[in-house]
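Under the heading disulfide bond, Swiss-Prot lists 34-45, 40-56, 44-78, 66-86, 80-104, citing sequence analysis as support. Feature annotation from Swiss-Prot assigns signal peptide to 1-17.
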C-alpha cells in the first residue's frame, strides 16, 4: 500500500512540474511585456511611445489604424489581421521613423 501511495505522489509531482502552454520568452499572451513581435502569440509587440514598455497586442481590425511593417519588430500601431491590407505610407522614411501608419481595409470588399 505504501508503494502505491509513493508512486501516486511521484506521478502527481511530475504532472505539476510539467510546464504549461503559457510562455515566458515566447508564446506570450496579449498584455504581457515583450521585446519583439515574434515573442507574441498575436505577432504584434506594440508600445505607445518611444520610452514606453511594449506589450503584446491583437492585430488591427478593419478600419483601425495600422502599420505597414516595421524594421525593429515593435510597432506603434499593429499590422492588420489576416485578409486585410494596411493602406498608408510605404516610404522608407516612414519605415525608419516608424511612422508609416495607415488604415486596415478589406481588399476584396474595396474592389467591388
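Here the Cβ of each residue, glycine as well, is placed from N, Cα and C on the backbone.
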Legend entry - Neighbour count (Cβ, 10 Å) for residue 78 (disulfide bond): 26
Legend entry - 40, 66, 86 filtered to the disulfide-bonded residues whose C-alpha is within 10 Å of residue 104 (disulfide bond): 66, 86
Legend entry - CB contacts for residue 104 (disulfide bond) [other CB atoms within 10 A, all chains]: 23
Inset, instruction - Among the disulfide-bonded residues 34, 56, 66, 86, report those whose Cα falls within 10 Å of that of residue 44 (disulfide bond); none is a fine answer. - result: 34, 56
Legend entry - 10 Å Cα neighbourhood of residue 86 (disulfide bond): matching disulfide-bonded residues from 34, 40, 45, 56, 80: 80
Legend entry - Residues that sit under 8 angstroms from residue 45 (disulfide bond) by C-beta distance, when 6+ apart in the chain: 34, 35, 36, 37, 39, 54, 55, 56, 57, 73, 74, 75
